[in-house]
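Worksheet: one structure, shown below.
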Amino acid sequence: MTAPAESRPERPRRRKGRRGEQLVVPKAEFTSYYGRPILKRPSWAASDIAGYFFLGGLAGAGSVLAAGAHLTGRHTTAGALKLSSLGAVGLSAAALVHDLGRPARFVNMLRVLKPTSPMSVGSWLLSGYGSCAGLAALTAVSGRLPRLGTAATLGAALTGSGVATYTAVLAADTAVPAWHGVHRELPYLFAASATAAASGAALVLGPPREHGPARCAAALAATGDLLASHRAERALGEPVAETWREGRAGTLLRTARALTVAGAAAALAGPRLGRTGTALGGLALLAGSACTRFGVFAAGVASTEDPRHVVEPQRARLAERAGAERAGGGD
């Protein structure tokens, strides 16, 4: 008797044609296990963390504008922005602590400074900024120690620029596709959004005779916001970019753009709209900035719920890397 033939695994049948062999069975497309999400949904509460993003940006950019107003003799606007920045950073810290669960967790993050950790650097930055902002506001209200007040104002402006944008780095450092995919563009969007909010606060709180710089800042911020948002959607590519256009995030981001443009237009119109019209424009800028932060947060949450937002960008990166390697090998 002859030994039975050794069984071999079946291979996909191929059809021969003029262009060579072709697979009869199409390639399988992997999504995930029964369509379940691959990434864990962010555990952050939107009201806490998106509010933390917005209030921190308002505070930081407000201190930058306050320093400019202080140095150019616009003392009423400077004082108002110093107080509003202190209030905003206080609410921002409260939102962060509420999300953490107890204040001790925030204090624990200050034990060690890790330059490679955005959260560690941000905690120290927020603490240093809060001290400068508090001292600047205190000297503005009391009218005493003007030199110390000037130094604190400049310190708040220096650290405030970091507070306004570091949250973008913090979000982009995660695996969330809608945030990580725009790690280059998100800081610019947050900076423009924060500047829009701060200029809006200046238009609401400051006297009309001191509105000149705030109007210019509002126009520049609105332009930067629109450009950064457009660049972010292009950088994400499909299908992740759809999280910025659809659902709750899409509604919020479209509303943000409309409010920001309307607020900037009102700011540029200036005295023609009167005090009330200018104040409404400032409120529109503030609301637009808040919608931007909450919209970006909602897009991040949505991008973790569909496996395509994880799998397809990975495939695209692998294909791009393979193409680059083939091109390099051919040379």
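These residue numbers are counts, starting from 1, taken along the chain as shown.
Glycine residues also receive a Cβ, built from the backbone N, Cα and C atoms like all the rest.
Annotated features in TrEMBL:
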{"type": "REGION", "residues": "1-21", "note": "region 'Disordered'"}
{"type": "TRANSMEM", "residues": "49-71", "note": "transmembrane segment"}
{"type": "TRANSMEM", "residues": "83-101", "note": "transmembrane segment"}
{"type": "TRANSMEM", "residues": "121-141", "note": "transmembrane segment"}
{"type": "TRANSMEM", "residues": "148-168", "note": "transmembrane segment"}
{"type": "TRANSMEM", "residues": "188-205", "note": "transmembrane segment"}
Checklist entry - If we call contact 3 or more Cβ pairs under 8 Å (sequence gap 6 or more), are the transmembrane segment (188-205) and the transmembrane segment (121-141) touching? => result no
Checklist entry - the transmembrane segment (121-141): which same-chain residues, six or more beyond its ends, come within Cβ distance under 8 Å? => result 56, 59-60, 63, 66, 78-79, 82-83, 85-86, 89-90, 92-93, 96, 106, 109-110, 113-115, 148-149, 152-153, 155-156, 159-160, 162-163, 166-167, 169-170
